[in-house]
Amino acid sequence: MIGRLRGVVVYKAPPWLMVEVGGVGYELEAPMSTFYDLPEVGREVTLFTHYAQKEDAVNLYGFLRENERRLFRDVQKVSGIGARIALAVLSGVSVEAFGQLIAHGDVTALTKIPGIGKKTAERMVLELRDKAGNFVGAGGAAGPQLAAAPGQDPVAEATVALQQLGYKPAEAAKMAKDAAGEGDDVAVVIRKALQSALR
């Protein structure tokens, strides 16, 4: 099992990034909370990883902080929740905010995360309430530092990232367009869009 990687960022295109370690490129899927703090391409990064093997696929997930990996794993222990929803949770709220939502039983706020309906949110509260204390005080979300590559359209890039988080194409496009401000890079557009969706 691969638990941690330290190497050079080769590319980053939410939700995917590649890290080269000893001449081998590892492609990882990561939540936006990780992308906000990733160093620039060509710089070194250390990621905590989660290795998942299924019948038809092998996936590697990357996280800058260990508490994010722990939340990713804990959320998937709830029946009916897989990696896609776990990534959406981490992309939508900080670890600490998620803990508060669970502790307060805020089903309405949880249903604003893509892929989570009322029944799933209720199951999450029921099954994770005893772990909520592990998340509260675990650290907040990081600020954006993901710059779009020259020539890329931040709104288009954000639209693609939002679709990969589970939003429908038209909804993702509207969210990205509404969130975009003058000079915003892709990370800022995504963060604003997700914050707006969770209000």
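Each Cβ is built from the backbone N, Cα and C atoms, and glycine gets one as well.
Residues annotated as domain 'Helix-hairpin-helix DNA-binding motif class 1' in TrEMBL: 73-92, 108-127. TrEMBL lists 1-64 with the feature region 'Domain I'. What TrEMBL lists as region 'Domain III' is 150-199.
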Same-chain residues near the domain 'Helix-hairpin-helix DNA-binding motif class 1' (108-127), Cβ under 8 Å, at least 6 residues beyond its ends: 75, 77-81, 84-85, 88-89, 92-93, 101-102, 165-167, 197-199
Intrachain neighbours beyond the domain 'Helix-hairpin-helix DNA-binding motif class 1' (73-92), with Cβ under 8 angstroms and 6 or more residues off its ends: 15, 29-34, 50, 52, 59, 61, 63, 98, 112-116, 120, 123-124, 127-128, 131, 134, 165-166, 190, 194, 197-198
Within the predicted model, mean pLDDT of the region 'Domain I' (1-64): 93
Counts of helix, strand and coil residues, the domain 'Helix-hairpin-helix DNA-binding motif class 1' (73-92), according to DSSP: 14 helix, 0 strand, 6 coil
